[in-house]
Amino acid sequence: MGAGPRRGVGPPDGGWGWAVLGACFVVTGFAYGFPKAVSVFFRALMSDFGAGYSDTAWVSSIMLAMLYGTGPVSSILVARFGCRPVMLVGGLLASAGMILASFATRLLELYLTAGVLTGLGLALNFQPSLIMLGLYFDRRRPLANGLAAAGSPVFLSALSPLGQQLLVHFGWRGGFLLLGGLLLHCCACGAVMRPPPGPGPRPRRDSAGDAPEEAEADRAGLSLSEAPPGGRARRRLLDVTVCADRAFAVYAVTKFLMALGLFVPAILLVNYAKDAGVPDADAAFLLSIVGFVDIVARPACGALAGLPRLRPHVAYLFSLALLANGLTDLSSARARSYGTLVAFCIAFGLSYGMVGALQFEVLMATVGAHRFPSALGLVLLIEAVAVLIGPPSAGRLVDALKNYEIIFYLAGSEVVLAGVFMAVATNCCLRRSQDAPPSPGTEGGASDTEDAEAEGDPEPRPTEEPRGLEALEVPSPGAGPAEPEAQAGPGRAFESV
C-alpha cells in the first residue's frame, strides 16, 4: 500500500490513497449505475400504480437531475463541513430514500423518496469523493481517475441483474428495501475519507489566535477563505470567480455540448436494434458489450494519459476521445445487421470509456485542486441542464419521425462539435498563456506533470509548488511573501474543504 518515501510536500500518490481510490470506485459506481439499474423495477411499478412508462421513468430522471443539478449545493457543504461529514450524511439520505420508497402508495411519493432524497444522497457522495481523490493523487492522478471511473460500468453490470433477482424473489418493495440497505456502503466509503497527510501540525495558538484544530482542517482540504491581516476569515463557500477563467469556460461549453449527445445512443440502442429486426435477447446483450469494453477502456485510458509524453496533452486526448465517439455515432447511423451493431458497440464502448476516464482529470488539470470543488459543482449543474435537454428531445424526435437514423446523426454531430471546440479553444488558450510574460520568480524547466496540469491555467506558477495540489495555504490579501510553515501567523486563515 505504501508509495515509498515522499519528496517534499504534496499528495502522497499512494498509501491510504489506495483506500480512498477504492471508496471512490464504489461511490462512482453507485452514482452512475444506480439510477439506470432502478429501471428494472419499472414494469412492476407500472402494474401496481397503473401508470405509463414515461410517468414511471421520471423516478430515474429525477434521481439523475438531483445528482447533476445539486453540484453547487454539494460544493458549498463540502467547503463548510468537509468531505467526510458530507459523505456520511449523503449515504444516510440515499439509503433512507430507497427504504421510504418501499412504503410508497403513490408515484408522487416515489418521486420525493427514490428520486429527490436518494438522488441528493448520491450527489453528496459523488462530488466529495472526487475532491478527496485529487488531494491524494498527483503524479498517478490520471490512472486513479481512470480506475475510479471504472466503477460506473462495473456497478451497472452488477446492479441490473441483482435488481432483477430481487424483483423476482421479493417484489419491488422488498427490492427497494434491500437496495436501501446496500446504499449504506456509501457511509463506509465516507468514513474512509480521512484528511491527507500534511507537512505537520501547526503551532498551537493562544485563545486570541486561531484554533489548534486548524492544522487538521488545513490537511483535510484546501483553503477557500480570505482574511485581512489580523482579521477574521471570510468564508468563500462557492468560488464563482472560476467562471472568469478562460480555460474553465472552454471546458464548461465542451461538457454542455458533449452531454447533449453522448448518452443518447446508449439509451436508444436496444430499441434501435429491435427496430432493425434483432431478437430481444440479442438486443439486450448489446448493452452488455458496451459495458464490458467500457470496464477495460477506463483504467487503460487513465494509465495511458499518465505517461510523461501524453500527460501534458491530456486536453487534446480528451478531444480525440470525443471525436472518436461522435464519429462512431455518425458512421453507425445506418447499421442494421447484428454484426455491424456489435462493431458499433465495441467502438462506442472504447470511446465512451475514454471520455469517462478523462473528463474529471482534464477539469482538475484546468482549474487546480484549490478551485476544483467549486468548478466541479458548477460543471455538474451545467451538465444537468444538457442531460435534461438532450435525451428527452431525442425521444420526442423518435416518436415524431419514427426514425432512429437522424438521432444518431444529431447526437454524433453534437459530440464531434464538442471535441473540435475543445481542441481549437484549448490551443488558443495555450497560445495566449505562452505569449503572456512570465511572473517574477517563475522558473523554466517545469516537469511533465506540472506542464500537464497547468495546461488550461493561464497563470504561471513557481515550480517548487506541486501543480494539481496547489499550496495548502493561501496568504491573505495584502500580506507579504509566503513564510515558512513554522512562522505562520494569525494573519492567515484556513478552512476544511
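Glycine is no exception: its Cβ is also placed from the backbone N, Cα and C atoms.
All annotation found in TrEMBL is predicted automatically rather than curated by experts.
TrEMBL has this to say about the protein:
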COMPBIAS  448-457  compositional bias 'Acidic residues'
COMPBIAS  458-470  compositional bias 'Basic and acidic residues'
COMPBIAS  477-491  compositional bias 'Low complexity'
DOMAIN    17-430  domain 'Major facilitator superfamily (MFS) profile'
REGION    195-230  region 'Disordered'
REGION    432-497  region 'Disordered'
TRANSMEM  15-35  transmembrane segment
TRANSMEM  56-79  transmembrane segment
TRANSMEM  85-103  transmembrane segment
TRANSMEM  110-137  transmembrane segment
TRANSMEM  143-162  transmembrane segment
TRANSMEM  174-193  transmembrane segment
TRANSMEM  248-272  transmembrane segment
TRANSMEM  284-307  transmembrane segment
TRANSMEM  313-331  transmembrane segment
TRANSMEM  338-360  transmembrane segment
TRANSMEM  372-394  transmembrane segment
TRANSMEM  406-425  transmembrane segment
Closest-packing stretch to the transmembrane segment (248-272), where packing means Cβ pairs under 8 Å, from 174-193, 284-307, 406-425: 406-425
For the transmembrane segment (56-79), sequence-distant contacts whose Cβ falls under 8 Å of one of its Cβ atoms, 6 or more beyond its ends: 31, 34-36, 38-39, 42, 45-46, 49, 86, 107, 110-111, 114-116, 118-120, 122-124, 126-128, 131, 221, 224, 235-238, 373-374, 376-381, 383-384, 387-388, 495, 497
Dominant neighbour of the transmembrane segment (143-162) in 174-193, 284-307, 338-360, 372-394, 406-425, by Cβ pairs under 8 Å: 284-307
Proximity verdict for the transmembrane segment (338-360) and the transmembrane segment (406-425), three or more C-beta pairs under 8 Å: no
Top Cβ-contact partner of the transmembrane segment (174-193) among 15-35, 284-307, 313-331 (pairs under 8 Å): 15-35
Intrachain neighbours beyond the transmembrane segment (313-331), with Cβ under 8 angstroms and 6 or more residues off its ends: 142, 254, 258, 261-262, 265, 301, 304-305, 344, 347-348, 350-352, 354-355, 358-359, 361-362, 365-366, 408-409, 411-420, 422-423, 426, 452, 455-456
